[in-house]
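A.B. asks: OK, TrEMBL features for this one:
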- B:56-262: domain 'ABC transmembrane type-1' (DOMAIN)
- B:7-31: transmembrane segment (TRANSMEM)
- B:60-81: transmembrane segment (TRANSMEM)
- B:102-124: transmembrane segment (TRANSMEM)
- B:144-162: transmembrane segment (TRANSMEM)
- B:183-205: transmembrane segment (TRANSMEM)
- B:241-261: transmembrane segment (TRANSMEM)
Amino acid sequence: MSPKASTRVARGIITFLFIYLATPIVVTMIYSFSTSWVKTILPNGLTLKWYSQLVASPEFMAVLLRSFSLGLLTTLIAMACFLPVVFYANVYNPKVKSHLRFITVLPFTIPGIILVTGLIQLYAELPIPKIIILVLAISLLSLPLTYQALDNAFIGRDFRAMFEQALVLGDSPFKAFVKVIIPNIRAGVLVAMLLTFTSAFGEYVLTNLLLGGNFETLKIYMYRLMRSNGQASSVLTTIYFIFLAFISLILILIMQHYSAPHKSTKEGAKK
Amino acid sequence: MKTRLKVFFPLGLLVVLVLLLPITVMIIASFQSADGSFSLENYHQVVSTRYYTEAIRNSLAISLVASVISLIIAIIGAWALTRLAPKTKNILISLFNMSSSFAGVPLAFSLIILFGNAGIWQALMTALHLPRTFEIYSLSGTTLAYTFFEVPLGIMFLFPVFEELNPEWKEISSVLGAKPMFFFKKVIFPVVLPNIVEVFTLLFANAMGTYETTFALTGNSLVTIPTLIGTLIDGGLTANVPLACTFATLFALVMTAIVWLGNRVTRSKREVKA
């Protein structure tokens, strides 16, 4: 295969994959705008009434608020747990990293359904609010995302020198970290925060099984609607998808914005 | 030493509270009989009750088929991705990332609209006077559903590996007179194979642990290990948390072994390189 032909083949494959992965999403979007679409190939008509109905319902706002707070709390806890460790591992003791690797495979060896079994066995009878356990457990399961995004932020610069200069100039370690390190890794921190937030915002397994559906978050609401009112559920799914797309767009923009000057310094060093 | 302690304290506390303690308690509970004494009764039930062995068989069948198919598609997709312009690559990776976070309830719901009893596919089949050939709530339907998040996940794992392959190798080997097939067999394949094995173990483990999509798609009509655990925890009268702990312990042990093995394959290769 000549390079040109293989590029054409590659484009074809990617287009095909894209259509395959996007079809369910596109169909759900059309469904949310259709008056009714049962046992027909095309919807009967188009309407916006399902949107106004869902958005006007008081449940919807309450659900969003719950998921939003869950996302925010989880993000804060994940950052508090990992920022210092990733900084320390990258700057002072790279050996720690090999021990942290177990965290990156955690969602595969102990997925949510397994973790929740242990959590229920341990905490079901204890007088600790389940919501606290929930937030901590979601933070733990989002750690791989947080870890990888933060770890990437430390590539390519001498943070040790920066940090130690600030210490020499009389800052306390905490102050030096906030004033000197954070501004330099802010893109990575932002990416990590967005990814953590998104995963907590759409959490289902832990929330549903640990709190027994008493704390209705986005996905639990979505599941309930799916069983009772397909149109409303499709609206919620579409809104959730737009939210995910929006987050992805921000991530793409951050990466493009911050990777561009990075490359030029690399090339500058080569010269 | 003091600062080191401070640095690791929050993460350590989190890991102890919501990982080590619950998992330890879970393992202990799996060896307890109803009166609290040590017994292997739960394990005996897991292997001797037909309903439970069916859950294990279903899980293995769906996960094996879904991860093999997804792996093949992901290899082709990741290769194709390396051939595109850098900017397109970044955007596509974000899109794949997004579509894998679409898994679960939203995915199940979309597939029901597409392939469900009142869905578009059935309408199409009826219009064309064809028999109903595909049932989304079945084993094969669930397997199809899994590919929607396994494929993007596989691509995201494999893409960095393929991206690292040096295009100069191909030139060098063709200068030295190697045929493309020989180059593929002797150069690319040995380099990539360990990574493919590792990605396969991750995809397999991911499929084995999938609860949300299966549950939202089939309710409890299709029993897999995760949905069975869900029922044992959540099922009101039929709830049996110690038995759920037994399944969970078996799951965690087997998956840790598999992922560890998969990890070892790539690590031993890295050590040879160094």
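Glycine residues also receive a Cβ, built from the backbone N, Cα and C atoms like all the rest.
Tell me about the surroundings of these features in the structure.
C.D. replies: Through the fold, the transmembrane segment (B:7-31) approaches residues 38-40, 42-43, 241-242, 245-246, 248-249, 252 of its own chain, all at least 6 residues removed from its boundaries and within a Cβ separation under 8 Å.
Within the same chain, residues 62-63, 66-67, 69-71, 73-75, 77-79, 81-82, 89, 93, 96-97, 99-100, 102-103, 107-108, 111, 136, 192, 195-196, 198-199, 202-203, 206-207, 210, 213-214, 217 sit at least 6 positions outside the transmembrane segment (B:144-162) and bring their C-beta atoms closer than 8 Å to a C-beta of that stretch.
Among residues of the same chain six or more beyond the transmembrane segment (B:183-205), those with a C-beta under 8 A of the stretch's C-beta atoms are 63-64, 66-68, 70-71, 74-75, 150, 153-154, 157-158, 161-162, 165, 169-170, 173-174, 255, 258-259, 261-263, 265-266, 268-269.
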